[in-house]
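The block underneath contains the structure these notes are about, expressed in structure tokens.
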Amino acid sequence: MQRRLQGSAIAAVGLLLAAVQVAHATARTVTTVGFLVDLVPFLAMAAAITFAGIWVARSPDYVEYGTVVGAWTVGGAVAFAAITALILFSLNVAIETFDVFGAAPYVAVDNVTAGMLAGVLVGIYDVRSRIDREELKRQRDRIETFANRAADTNHYGRALNECATMDEVSSLCVEAATTLVQFHDVAFVERRGGFATLVESTIAGVDQETIAELAGLAAGAEPATVDTHEDELPSGLPDDVERVVTILVTETDNATTALVALDRGDTAVTEETRSLLEMLVAHAGTALETIYETSIPTRDERDSVTIEIDDRE
């Protein structure tokens, strides 16, 4: 609201100055050339002030800096008015026949018009500079945050490469996805034959069969690549789940291992998020390949999180 009031006030003053310029040019000039020379430059300045005021009122970029342009505009007008007063006073002192009171209105309006235009332009430039500085600061903070998280991801990567079992790998993956990317509903699932095993899961309010079905969405995808799913999701998901994120960790002839995360609208899947998850899962995939080479994974019939699934896609 303040931005609109400031912009509207600047535009209104510009229109007023334009009207005064027309009146002054009509009153003090008798030739066409003189009229054009006296009117056109200052009328253009007044029109520019009006245009700038309308632009400020409509531009959403000036919401946080609504008073800046107005302050510069007033400052420019006051500064040029003071210069006008000094010039008129100097002429009055230097030239005894100078009609200071007759010339003052015309000179003052011309200079105030120029001063307001200068103030508006400087104000707009100042606001743009502040916006650019804020954007650079946000980018710097975002890059710094990403760099710190990437370093933490590499720490997790080194820990993953030292894991000896799938349980250790899954635990680290879920922990990293929760702490680094702020996903609160994460599951590490292995699908083997007609069974799926929830090796690690923090997903609440969703039955295990649905989670196992979600893990199947990662089958056939590129390893360590984030995929988001919003359409044709299983009916067992809560209404607040906006999308499902799946990442294929490893896929062999016998088994598919995937990381599943639910987005309930509280986690933005940004490019930084994708990069961090893909870095993490790449490390996890390497660790699992090493584990697969040194051991033969088996399904424990007594495991409460081993689910029989329909694997005939």
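Numbering starts at 1 and runs along the chain as displayed.
Placement of Cβ uses the backbone N, Cα and C atoms for every residue, glycine included.
These figures come from a predicted structure and were not determined experimentally.
The following features are taken from TrEMBL:
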- 9-132: domain 'Archaeal histidine kinase 4TM' (DOMAIN)
- 35-57: transmembrane segment (TRANSMEM)
- 69-91: transmembrane segment (TRANSMEM)
- 103-127: transmembrane segment (TRANSMEM)
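Residues 3-4, 6-15, 17-18, 21-22, 24-26, 28-29, 66, 69, 73, 109-110, 113-114, 116-117, 120-121, 124 of the same chain sit 6 or more residues outside the transmembrane segment (35-57) yet have a Cβ under 8 Å from a Cβ within it. With a threshold of 8 Å between CB atoms, the same-chain residues lying at least 6 positions outside the transmembrane segment (69-91) that come near it are 6-7, 9-10, 13, 49, 52, 56, 62, 98, 100, 103-104, 107-108, 111-112, 114-120, 122-124, 126-127.
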